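Colleague: Take this structure, written in structure tokens, and hold onto it; I'll ask about it next.
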Amino acid sequence: MTRPRGPAPRDGAAWRRDPARRVLLRDAVRGREGGLRLACAVMAGLIVSGGVACAQDSHMAVAGAPATAVAPPGQPAPMPPATVADAAHLAHAAAVLELLLDQGYYWLGQHNLGKAHETIQRALSIEPDNNEALFLQGRLQMAEGGTTQATRTLERLERQGAPAGLVAQLKAQIQAGPVDPRALAEARALAASGRMMPAMFKYKALFRNGDPPPDLALEYYRVLGATILGYQEARTRLAAWVARNPRDIDARLCLDRILTYRVTSRAEGLDGLRALARSNVSAQIRSDAVAAWRDALLWEPITGQSIPLYDEWLAQHPDDTEFTIRLKKAQETQAGVDAANDRQQGYALLSRHMLDAAAREFHRAVDIDPHDPDALGGLGLVAQARQQPALARQYFLQAMQAGPDAAGHWRAALKALETGGGGVDPLVARIVQAINAGRYDAARADLATLGRRPGYGLTVLSLQAALARRQGDTADAVRLYREVVRRAPRDAGALFSLGALDVQVGDATEAADILTRLQRLAPAMARRLEAMMLSAQADRAGDDDGRIALLRRAQALDPDDPWVRLKLAHALDDAGDHAAAQAMMDALTAPRNASAQALQAGIIYAMGRHDTATAGALLERMPRTGRTPDMDRLASLVVLDQRIAALNHAPVAGNAAVLALADQPDPTGERGMRIAAALLARHAPQDARQALARGESLTQPPTPARMLAYAGTYLRLRSAFDTTRCLDAFDAMAKARPADVTADQARARQQVAIGLAIMTADGFDRYGRTAQAAQVLAPVLRAHPDSVEAHLAMGRVYQTRNMATRALEEDETALRLKPANIYALAAAARDAGGAHHLAQAKGYATRLAHEDPDGPMSWEVRSDIERIEGNSRGQLADVEHARHAQCTLDGEGECGGHESFVSDYRWPLIDSEYMDLHGATLPASYHYIPEDDGAQAMDRQIVYLRDSVSPQFDANTFVRSRTGVAGLGQLTEFAVPITATLPFESWDHRLSFSVTPTLLFTGDPLTNAVSAHQFGTVAVNGARPWGYHHYYTQGVGLSLNYVNRWFAADVGSSPLGFPITNVVGGLEFAPRLTRNLGLRISGGRRMVTDSELSYAGERDPGTGKLWGGVTRLFGHGALEWSARGWNAYAGGGFAYLGGTNVIGNTETEAGAGGSATVWQDHDRQWLRVGLDLMYFGYKRNAYFFTWGQGGYFSPRQYFGAMVPVEWSGHNRRWTWFLRGEAGYQYYHSNAAPYFPTSAQLQGQADGSPPSYYGDSGASGLAGNMRGRLVYQLDHRLRIGLEGGYSRAGSWSETSGMWMAHYTLDGQ
């Protein structure tokens, strides 16, 4: 890169532009730049102006110098020799400095830091304070990683008052910081190996999808311009760069080189390269321009169009042997083209009986090639028409001698001449013209007239066959051509036409026989027919390599057939070789005299690549004679694409403006398909459907092409009904006229049908109906065992069935069919990970990265592997890379951060349970929504992952009220748990700390004689005066919780401040035995919170002693099965319960149950129904409040069967949960003594009964209800409310809770 120059320089760079002006403004020059700058300016002024300014000021005189004579007016004053010598020396120094600065810019642009350092140091040795040299030094320091040194250099420039442009550029580079050297080396290695597309994505990731730093800009644009996706961006940005910096020669060179990459701009690029090669710039720039000039010429086709370019090159490089050979070949090719053009024009003129003009064209052809049999024969026909039989005979004989292969044709003409036959029949010529122009009724009328003439029977048959073929009546055309061949077995033209039709209808046997006959009669026609047969075989090839090989053979046989080239280009695109495909089509359309068919094929290819600019340029080159109805249709599509592109430019028009384009008939379906695709790109599927509906209503009757095109578009819209409808309509029309269906249409219909089956199967699979999905795919795989997509779809079915190994087998089958298929590689990597073959998964991911480096799918697969390994932070980074890559592919540029604020993307874990000492938290949960497109799904995942790895806080206000006798079983709890959670690499590995202020309220048991008798030791000791009060307590509970995937542990204490405090905690192991089956084993010590006595402990009003504070020491095990749509569990456990001055007790429990989703709405609402069976039993009944009892529900037996019904859902900011449970319960509690831990107290109580609690029990209905509603206030804060009611055993309970969750997500 050469150095930029601002419009108004303040330093010495300016005098290089206008030295004479600087001499006159010497005061402006003198100053901080020093004497060298002044002297250099003076000398440069002398050189440019040719004279010396007369110094009038005394301070300009040199002290001690001899006086000089005053020059006459108008004459420059002579200078002393010493002054002249000094000035010359200083001018030389200025020139050296100029050269060194230019070289410094160049070597920095080339990233040759060693040479750049040497050059810049030499410049600074000449002028240490030179602003540009210091600017270059700062850039070099940044390139070497010396940010601190570069900052000091920047400060020095600011102190010197350097130009603002230099300061701003260096400041921007310092702020951008050094780039990752490893990633930069990888990007450069990719570019050096010619893999420009992967290199482009690597550079974009390196620059975070932003602008490149100045020292890497040209390097990046070179790579960007060599890619299909980045060419236009590189061209636009480089053009703007050069416009801002017109003297940046390196950028000019880069732009000109990139312009030569496309045929439409190659001439402009060549002009620029030639100018640079001949200009007075540095030798390296000239050398690079010459090399780029030569490379561009190598891309030019070897045709007559390139002859002037070759001549110009060889005039300066006469020893270039390769271009000498190319020039000779181009001249030969052009001679052949000119001869062919003259010959064709001659025959056209002959058909209109313009004999003189026809003779001139034939003579031109013969001048080029004296042995051209067709031109010689044409001259014979002209002579015959002029009634010159001797001359006609001479030309026919010469034609027979010049072309033995076509001798039979001219022999027949000679025979007709000798027997007195006439020339070209005007009626035949008129019929041919009418058929070619599409005037079929006129052609039929003239055919009827011709058929009445004697001796024209064979001609009429041939013309009828041509008419039938042109109208698409293939069966009748085959019948007619067979009759022509039967009557004239050596008619090469009829044989060729019949063979071409056989290829079209798939009659390979007859086509092969005709090929054999043509090889003897007309080898050139035989080669064309063989090329058609190979092209048809390519249509049926099962793999890209085989298809490409067949098409290359076809192209070698018939290199001038544009349609074979178009097929080959499409095959190369399918195989991923886009550069070769583009080069092939450029070579086809580059010649100035490219045929109309070649231009048409180029337009079709360009439109398929969404290259509207190239399509429009080729359309402008189309001659009027080539503007067939097909070309007019293509032209309308080009205009449509241009209008859509204009509507998508800022300011972007609304969807209605795009939909309004569907305002005219659409017989081929391409118009509606393009409009629908544009609306789909805007995420407007309903508008896309409306566009297709308009196309159908405006085009009646339907055509096969349109119905097939619409079927494919409806498939993209995931509309199975409309896809099936369009396919059925296409099949009905194809059945009525089977010959009308081309091989391409048949293949497209097959692919749409396969896609429809896969979409149907995926729909079943999504909701767990894998049996139906497999039934849909099985016949597809039998009929199309080479369908990669079908194998991948079956793999997804197996994956849903948790048969990861079988899924991987299907993926590997697909990979055997197409080893480089990125979708198969992605599926194999995911399924290998699902089978826990992580090494294999990473191997497939590596292969995918090789095929699609930095593509969205590569990053998504990496994120899946990170997920399997439990690394959500790595997964988040990978998904963000995937999202940015997708934005780049979609042309959106840098992705915005708005997705973080989409309320629908945040779904809290709505059914989290309230846990003592911890509360109920509202962490993020992830939900897959089938309606999401790829970008939305990634945004949703990014939001979830950001939240799940961010520190977060939860706070609750919890109130619970339990029924019972005041002062005994009655309890009101008020708790405010506050929990801080710190995730590590994922939410499954986290640490939480909770603080829970808690207040418990119960009544005064002593206010009632019955309740007083059942409390503490009052029954035998009475109550002391201080005992008469409402019993309440308060404290603060603490808890530390650790989770690491399938392991969890917690430790804490019951609220500090309660009468009795206990250390509590637990462990849980929950490994997955299979994908569906899990084992859960837990144990620990927990509080029993049935009453204030069991929860906090109380003081006996009779003795003043404490009792209560019960804890449960438990162990529990369960097996849990979870599958899509349903789950089940079964387990049991044992516990020991004890407390302060409380009788010990044991519990056994068991339970089983499950639930299933019975209804869901668009994956946003669910209704689940289940069944829960439970049993528990205690050794003792301790649900009393006298001394030694525990105050907790403890029946001898409890059986319950409950049917839960649960409705949950999410809508924008709202998430809810409502669960109701009802069923049958039976329980029985044993009798118990008043004082189970003291025989003495019990003995005293026996003296004043009652001293025993009787047994009790009940059966009947039980149930509970709980509901929760959560609202997302913003991307960090959500709040919620919960209410619940339970009735079980002999008690009921009501609860309510307010909830808040705050995430420190850094957004």
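For all residues, glycine too, the Cβ spot is worked out from N, Cα and C.
Reproduced below are the annotations present in Swiss-Prot:
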type	residues	note
REPEAT	97-130	repeat 'TPR 1'
REPEAT	270-303	repeat 'TPR 2'
REPEAT	339-372	repeat 'TPR 3'
REPEAT	374-406	repeat 'TPR 4'
REPEAT	458-491	repeat 'TPR 5'
REPEAT	493-525	repeat 'TPR 6'
REPEAT	528-561	repeat 'TPR 7'
REPEAT	754-787	repeat 'TPR 8'
REPEAT	788-821	repeat 'TPR 9'
SIGNAL	1-55	signal peptide
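Neighbours and distances for these, please.
Modeller: Residue counts for the repeat 'TPR 1' (97-130) under DSSP, split into helix (H, G, I), strand (E, B) and coil, are 27 helix, 0 strand, 7 coil.
Residues of the same chain lying 6 or more positions beyond the ends of the repeat 'TPR 2' (270-303) and with a Cβ under 8 Å from any Cβ of it are 102-103, 106, 249-250, 252-253, 255-257, 259-260, 309-310, 312-313, 320, 323, 326, 329-330, 333-334, 337, 583, 586-587, 590-591, 593.
Averaged over the repeat 'TPR 4' (374-406), the predicted model has a pLDDT of 76.
The DSSP breakdown of the repeat 'TPR 5' (458-491), given as helix, strand and coil counts, is 27 helix, 0 strand, 7 coil.
Within the repeat 'TPR 6' (493-525), the DSSP-based counts of helix, strand and coil residues read 30 helix, 0 strand, 3 coil.
Sequence-distant contacts of the repeat 'TPR 7' (528-561) (same chain, six or more residues past either end, CB-CB distance under 8 Å): 496, 499-500, 503-504, 506, 508, 511-512, 514-515, 518, 567-568, 571-572, 574-575, 743-744, 747, 786, 817-818.
Under 8 Å from some Cβ of the repeat 'TPR 8' (754-787) lie the Cβ atoms of residues 542-543, 712, 715, 718, 720, 723-724, 727, 793-794, 796-797, 800-801, 817, 930, 1123-1125, 1160, all in the same chain and six or more residues away from its ends.
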Colleague: For the repeat 'TPR 7' (528-561), give the DSSP counts of helix residues, strand residues and coil residues.
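Modeller: Across the repeat 'TPR 7' (528-561), the residues distribute as 27 helix, 0 strand, 7 coil.
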Colleague: So, by DSSP, how many helix, strand and coil residues make up the repeat 'TPR 2' (270-303)?
Modeller: 25 helix, 0 strand, 9 coil
Colleague: What is the three-state DSSP composition of the repeat 'TPR 9' (788-821), stated as helix, strand and coil residue counts?
Modeller: 27 helix, 0 strand, 7 coil
